[in-house]
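K.L.:
Look at TrEMBL and you will find 18-36, 42-63, 75-99, 105-127, 148-167, 173-191 tagged as transmembrane segment.
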Amino acid sequence: MHEFYTLAAARGAQPQRLIGMLTGVILFAANFAVVSETVFDLFSANLIPMLGFGLLLLFLVFIRELFREGSDPMANIGATLTGVAYVALPVSLMCYIPMQGEESWSPAIMLLFIFIIWANDVFAYLVGMAFGRHRLCERLSPKKSWEGFFGGLAGAVVMGLVGARVLDGSYAAWVGLALVAAVTGVLGDLVESMFKRTAGVKDSGRLIPGHGGVLDRFDA
C-alpha cells in the first residue's frame, strides 16, 4: 500500500497512509479470523470488533479531510480508499484460497495457485517474444501481445491440469481457475501499468533490486 500511495502522491494527491494501512491490516486480520474459525474450529471473538474498527477508520478518512488545508479532499479520499480496494482487499481475500471445503485447509492449493500465475507470466513472455505481432494494449504496455496472452493462457491451463493430477482434484475446476487467474493476471498487470504511467514512473518502487517494487512483482 505504501507503493500505491507513493504513486498517488506523484500525481499531487495526499492519501491518508496511516489510516489506509491500518484498514488493510484489519481487513486481513478479519478475513483470517473467519478462515480460522471455519477451518481450524477456533473461536474468533474479536471478529465483530475488528470489522467495527475498520468501518470507523474508513469513516475517519472523510472526517480528517475537514481539517486538512491546501489539499484536494476528493483526490485524497479517492486515493486512500483506492489503495484499500486495490491492494489490501485482494491480499486479505487470499486467506480463502487454501480452503478446501469447509473443514480443511491445504497450503498446496495456494502454492499451485502461485505456480499457475507464474506459468502464465513465463509462457506469455516466451510466446510473446517469439511470435508477438499484434499489440494487446499498446497505450499501457507496448510489449504485450495477443499471441503472448494466449500463450500465457495455455501455460496456465497446463499448470492447472498438472495441479489437478497432483492434488487429485477436478480437472474442470482447475482449468477454470487457471483461465480466470490468467485473464485477471493480465488485467492486473495492465491496471498497474496504467497507475505507473499516470504517475510518470517506470517501477512502483525499489524494494526488489532489478525488479522494481512489490506491486511490480505481485500485480497479477
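Any Cβ shown, glycine's included, is placed from N, Cα and C.
Help me picture these features in the structure, burial and contacts included.
P.N.:
Here the transmembrane segment (18-36) has long-range neighbours at 1-2, 5, 42, 44, 46-47, 50-51, 53-54, 57-58, 60-61, 64, 80-81, 83-84, 87-89, 91-93, 95-96, 99, 105, meaning same-chain residues at least 6 beyond its ends whose C-beta is under 8 angstroms from one of its own.
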K.L.:
Who are the long-range neighbours of the transmembrane segment (148-167) in its own chain, taking Cβ under 8 Å and residues 6 or more past its ends?
P.N.:
106, 108-109, 112, 115-129, 131-132, 136, 173-175, 177-179, 181-183, 185-186
K.L.:
Excluding the flanking five residues on each side, which residues at least 6 beyond the ends of the transmembrane segment (173-191) place their CB within less than 8 Å of a CB in that stretch?
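P.N.:
Result: 86, 112-113, 116-117, 120-121, 124, 136-137, 140-141, 144, 149, 152-153, 155-157, 159-161, 163-164, 219-220.
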